[in-house]
Amino acid sequence: MKKWFAVIGDPIEHSKSPAMHNAWFEEMSVEATYIPLHVSSEQLGAAVAGLKTLGASGWNVTIPHKTAIIPYLDELDELAQKMGAVNTVVRTTEGKLIGYNTDGVGFVRSLEEAVGSSHKDKPVLLVGAGGAARGIAFAMQQQGYSDLTMTNRTVANAQAIVDEMGIGRAISLKEAEETLAHFSIIVQMTSAGLATGNFSMPFSLNRLAKGAIVADIVYNPLMTPFLQAAEEKGATIVTGLGMFVHQGAIAFEHWLGDYPNTNSMIVQLNAQLGGN
């Protein structure tokens, strides 16, 4: 019987996940299909019950359901539990629903694919304190990045993650701007304002260190205002596309046991999104 998978969210129209997973199914001769499902917050419980009843083998979860879905699941893996957020659900052969979060590990794989894995002792500045920030901070810590600093408009939110995870320290945006030259890797983890065109830089990059690596988790647009400003300062930039592809590939592996070809997918999506 043909397996089927989905992505649930609100909005969902612009998701690249269906095209990505269906291309992988075809490439790997997997009898499966992947569909986008628009699910509002009010419909979430009914949607999970429906997915289960209709025999979905698994699904991805996007905004705004990553935390709200947790009560409907039977188990969480350690990373999802630590983050309090789920982006991948696996339905076991016994019908159990297990929640995973592949965002943080997907980011680390993307970063190391772009710049190598020899930067683990370098000072890292993480900008933002939302769900994505929590996952990336935890995954970087797990993967051996030992010098992490978080900054956020509301410092208390960054401090809460630092305290909970026992990582580094939290500083204000003002201090981040003043001490920017100290950091070798800067990761921009907020998407506020991008969709509406009201994005404002969290701080000036005038003090950016020569040879710094600057990453953004947003993949559409590929060149965010933050990355544009960093590139003008001579930084090595890492777009959010690699993270998107790798988090999807890790989900694919949870569902089917094989890791798909991420390189060709990054090239393909890069062309679609107008990259070089």
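Every residue gets a Cβ built from N, Cα and C, even glycine.
Among GLY55, GLY104, GLY240, only GLY240 appears in Swiss-Prot as part of the NADP(+) site alongside GLU78, GLY128, ALA129, GLY130, GLY131, ALA132, ILE217. ASN87 is the residue from ASN87, ASN261 that Swiss-Prot records in the shikimate site together with SER15, LYS16, SER17, THR62, ASP103, TYR219. All protein chains shown were included, and the count of other CB atoms within 10 Å of the CB of SER17 (shikimate binding site) stands at 22. Distances between the Cα of GLY240 (NADP(+) binding site) and those of the binding-site residues LYS16, ASN87, ASP103, TYR219 are shortest for TYR219. Using a 10 Å Cβ-Cβ cutoff, GLY130 (NADP(+) binding site) registers 15 neighbours.
Cα to Cα, ALA129 (NADP(+) binding site) and LYS66 (active site, proton acceptor) are separated by 15 Å.
Of all the binding-site residues given, namely GLU78, ASP103, the one with the smallest number of surrounding CB atoms inside 10 A is GLU78.
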